[in-house]
Amino acid sequence: MVNTTDFYPVPAAMAYESSVGLPLLGWNVPTEHLDLVHPHWRSFQVPNKYWHFGLAFVYFMLMCMSSLGNGIVLWIYATTKSIRTPSNMFIVNLALFDVLMLLEMPMLVVSSLFYQRPVGWELGCDIYAALGSVAGIGSAINNAAIAFDRYRTISCPIDGRLTQGQVLALIAGTWVWTLPFTLMPLLRIWSRFTAEGFLTTCSFDYLTDDEDTKVFVGCIFAWSYAFPLCLICCFYYRLIGAVREHEKMLRDQAKKMNVKSLQSNADTEAQSAEIRIAKVALTIFFLFLCSWTPYAVVAMIGAFGNRAALTPLSTMIPAVTAKIVSCIDPWVYAINHPRFRAEVQKRMKWLHLGEDARSSKSDTSSTATDRTVGNVSASA
């Protein structure tokens, strides 16, 4: 016999009228699908329905912001030739990862409003978690690629810029990087995807108390969070060191020549534009750090710490913060990247980004950084 609850939502009120008190999480999950819900969650009462409605509203707003922001990034890149530089391909790739994160949001909205459990059971849970896995891991390693690109561009302006072929190879590498820890739980090769928190989201299993789960969580933490984070910190540290060394070299050379500065206004504007773009990349990385660190902490506590500290609410908040970054990324880029900002303002004046000619000119000069700043470096 077909279980009709697989296809039709359970009225939300039923969860709150079934007994005098609130029932436990998993009350509306049939026995054949109960494996989706770890026993840890089944010890908590279902959250008040207003928590579900509130989360649905928050996710709907995030979905709208992400759709508009990432849509603008992809549209401007596709229709503006001057924007289509190798470096900006990394930003477009980041937008694509953010779009994958966007695709799972409608599932959570529907689940929160009508089901209060995983939509589509195992299949729906796998789709939701796989989208989140690719988006999260991909964003992390793509931020590392952006940091590498900024380091090469600013520290080696003559021959350090990545070619289009090199950028495409790195972008392909970011997608390949997402596969191991997405496919292994998806195909049940190692670990699996399960419901978590309010049972309206899914992720890899970090609660099963065995050695296999602990090793998996430790490996995915290193692969998707710690290693990209180390790369990013390394590249930005070296970038800052290179900029300081370059400025020191110019000051020393100017002192020897008894002049105030070796840089012309054009040189200064070109270098300033590249540094502004580096600041944008650093801001996006900081947002990634703030968004994904809480979730990384939850997973590590679940595998190695005191699981009693993990309540449904305490795990749903990090799940929300992990989605926020996909909404903010494009707006940070649109507001802070000079040429992109000018192009958006030209086409969408109602956004009132306030881009002036000076900023646009400054970024235009950045396309010649390898010539201007490079000449200064060569003169030393």
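Note that Cβ sites are derived from N, Cα and C of the backbone, with glycine treated the same way.
Swiss-Prot annotations:
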{"type": "TOPO_DOM", "residues": "1-51", "note": "topological domain 'Extracellular'"}
{"type": "TRANSMEM", "residues": "52-76", "note": "transmembrane segment"}
{"type": "TOPO_DOM", "residues": "77-88", "note": "topological domain 'Cytoplasmic'"}
{"type": "TRANSMEM", "residues": "89-115", "note": "transmembrane segment"}
{"type": "TOPO_DOM", "residues": "116-128", "note": "topological domain 'Extracellular'"}
{"type": "DISULFID", "residues": "Cys125-Cys202", "note": "disulfide bond"}
{"type": "TRANSMEM", "residues": "129-148", "note": "transmembrane segment"}
{"type": "TOPO_DOM", "residues": "149-166", "note": "topological domain 'Cytoplasmic'"}
{"type": "TRANSMEM", "residues": "167-191", "note": "transmembrane segment"}
{"type": "TOPO_DOM", "residues": "192-215", "note": "topological domain 'Extracellular'"}
{"type": "TRANSMEM", "residues": "216-243", "note": "transmembrane segment"}
{"type": "TOPO_DOM", "residues": "244-279", "note": "topological domain 'Cytoplasmic'"}
{"type": "TRANSMEM", "residues": "280-303", "note": "transmembrane segment"}
{"type": "TOPO_DOM", "residues": "304-311", "note": "topological domain 'Extracellular'"}
{"type": "TRANSMEM", "residues": "312-336", "note": "transmembrane segment"}
{"type": "TOPO_DOM", "residues": "337-380", "note": "topological domain 'Cytoplasmic'"}
{"type": "REGION", "residues": "358-380", "note": "region 'Disordered'"}
{"type": "COMPBIAS", "residues": "362-372", "note": "compositional bias 'Low complexity'"}
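The Cβ of Cys125 (disulfide bond) has 25 neighbouring Cβ atoms from other residues within 10 Å, across all protein chains displayed. Contact between the transmembrane segment (216-243) and the transmembrane segment (129-148) is supported: at least 3 Cβ pairs lie under 8 Å, counting only residues 6 or more apart in sequence. Distant neighbours of the topological domain 'Extracellular' (192-215): 25-26, 29, 36-38, 40-41, 47, 51-52, 55, 108, 111-112, 115-118, 124-126, 128-130, 132-133, 181, 185-186, 298-299, 302-304, 307, 310, 312-313, 315-316, 319; these residues of the same chain sit at least 6 beyond its ends, with a Cβ under 8 Å from one of its Cβ atoms. Below 8 angstroms of C-beta separation, residues 12, 83, 91-92, 95-96, 98-99, 101-102, 105-106, 108-109, 112-113, 116, 198, 200, 316, 320, 323-324, 326-331, 333-334, 340, 343-344, 347-348 of the same chain, each at least six residues beyond the ends of the transmembrane segment (52-76), sit close to that stretch. Sequence-remote contacts of a segment are chain residues at least 6 beyond its ends whose Cβ falls under 8 Å from one of its Cβ atoms, and for the topological domain 'Extracellular' (116-128) they are 6, 10, 12, 15, 26, 28-29, 33, 36, 46, 52, 104, 107-108, 110, 186, 193-195, 198-202. Under the three-state DSSP scheme, Cys202 (disulfide bond) falls in the strand class. Sequence-distant neighbours of Cys202 (disulfide bond): residues of the same chain at least 6 apart with a C-beta under 8 Å from its C-beta are Pro118, Gly124, Cys125, Asp126, Tyr128, Ala129, Gly132, Phe193, Thr194, Ala195, Glu196. Within the chain, the topological domain 'Cytoplasmic' (77-88) has long-range Cβ neighbours (under 8 A, six or more residues past its boundaries) at 149-150, 153, 161-164, 166-167, 277, 339-340, 343, 367. Beyond the topological domain 'Extracellular' (304-311), the same-chain residues lying 6 or more positions past its ends with a Cβ under 8 Å from any Cβ of the stretch are 40, 44, 207, 214, 217-218, 298.
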